[in-house]
Amino acid sequence: MPIDIPSDCYALIPCAGVGSRAGVDGPKQYHPVAGRAVVAHTLAALGQVTRLRAMLVVLSADDTQFESAVPGFDAAWVARAGGSTRARTVLAGLHELRRRGACEHDWVLVHDAARCLIRPEWVDRLIDACSGDPVGGLLALPVADTLKQSHEGRVGSTVDRTGKWAAQTPQMFRLGLLDAALAAAGAAVTDESSAIEALGHAPRLVRGDFCNFKLTWPEDFALAQRLLHRSDV
Ligand SMILES: Nc1ccn([C@@H]2O[C@H](COP(=O)(O)OP(=O)(O)OP(=O)(O)O)[C@@H](O)[C@H]2O)c(=O)n1
Ligand SMILES: C[C@](O)(CO)[C@H](O)COP(=O)(O)O
């Protein structure tokens with residue numbers, strides 16, 4: 001794919017999970033944090049990225065909460081096409097983007113609804129780093145802690161952390177390549193980069209931020225609340 005073709009950037013937000021690890025009532029993306037639903041914070045931040053042509057939110061077919069959680073969001077950019085895994089939701093979202101006019105060479109920035117502390121400047125950093133790249137890339141952070149492999153509740157071994165990064169989102173790839181990669185990878189891959197890697201490509205690692213964590217566990221909501229109430233973090 002020539003890299004000098006003018007391309008639009010789209011955001012695709014998988015928002016069809018159930019939040020089984022979060023310990024809150026209902027899907028975690030609708031849990032209130034600092035005055036509004038998790039996904040409302042996510043979309044408000046992404047909405048400030050001027051280089052995004054549009055944001056497509058992918059919900060589960062039986063979602064009843066999005067409209068009240070994010071009042072005023074353009075219904076034309078909501079797709080009730082979520083799948084049983086994140087990968088399936090994203091793959092369905094790519095087809096929905098095509099139906100709305102996106103082209104094979106356009107960039108798609110996939111961002112978890114549950115990463116509600118994303119900031120526009122981090123997304124801009126990713127776009128700056130990847131828009132001239134032949135593959136694309138992702139926000140990620142070098143692992144700072146010593147890594148342990150568990151075995152029956154005890155330490156089985158210590159894993160060499162040299163060169164290891166923790167993947168975040170957004171993850172930015174061209175629509176055509178990402179579609180082919182996810183279709184080939186199947187439902188089990190946990191991020192877009194894994195699917196692209198499986199095709200033999202090496203996505204670019206772009207430094208993310210510690211605060212761009214994914215709300216996953218019960219205690220994450222209180223931390224997000226504190227951070228969202230502060231403007232200087
Ligand atoms: N079938 C799925 C599963 C996940 N997601 C979305 O993918 C993002 C990251 O996934 P994760 O944190 O794993 O969310 P859940 O699957 O909801 O959580 P859990 O694994 O704890 O059930 C979330 O925004 C979630 O809504 C999705 O759109 N479709
Ligand atoms: C995409 C992701 O957020 C990158 O860290 C992560 O892989 C999602 O994983 P999960 O299994 O859906 O929690």
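In case you wondered, yes, glycine gets a Cβ from its N, Cα and C as well.
Note that TrEMBL annotation is computational and uncurated.
What you see is a predicted model, and the numbers here were worked out from it, not measured in a lab.
According to TrEMBL, the features are:
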type	residues	note
SITE	Arg21	site 'Transition state stabilizer'
SITE	Lys28	site 'Transition state stabilizer'
SITE	Arg161	site 'Positions MEP for the nucleophilic attack'
SITE	Lys214	site 'Positions MEP for the nucleophilic attack'
Neighbours of Lys28 (site 'Transition state stabilizer') among the recorded sites Arg21, Arg161, Lys214 (Cα to Cα, within 10 Å): Arg21
Neighbourhood of ligand 1 - recorded sites from Arg21, Arg161, Lys214 with Cβ under 6 Å: Arg21, Lys214
Contacting recorded sites, sequence order - Arg21, Lys28, Lys214 vs ligand 2, Cβ under 6 Å: Lys214
Close in space, distant in sequence - Lys214 (site 'Positions MEP for the nucleophilic attack'), Cβ under 8 Å, 6 or more apart: Asp112, Ala114, Arg115, Gln168, Thr169, Asp220
Pairwise Cα distance for Arg21 (site 'Transition state stabilizer')/Arg161 (site 'Positions MEP for the nucleophilic attack') [Å, integer]: 26
Reduced DSSP assignment, Lys28 (site 'Transition state stabilizer'): helix
DSSP three-state assignment (helix, strand or coil) for Lys214 (site 'Positions MEP for the nucleophilic attack'): coil
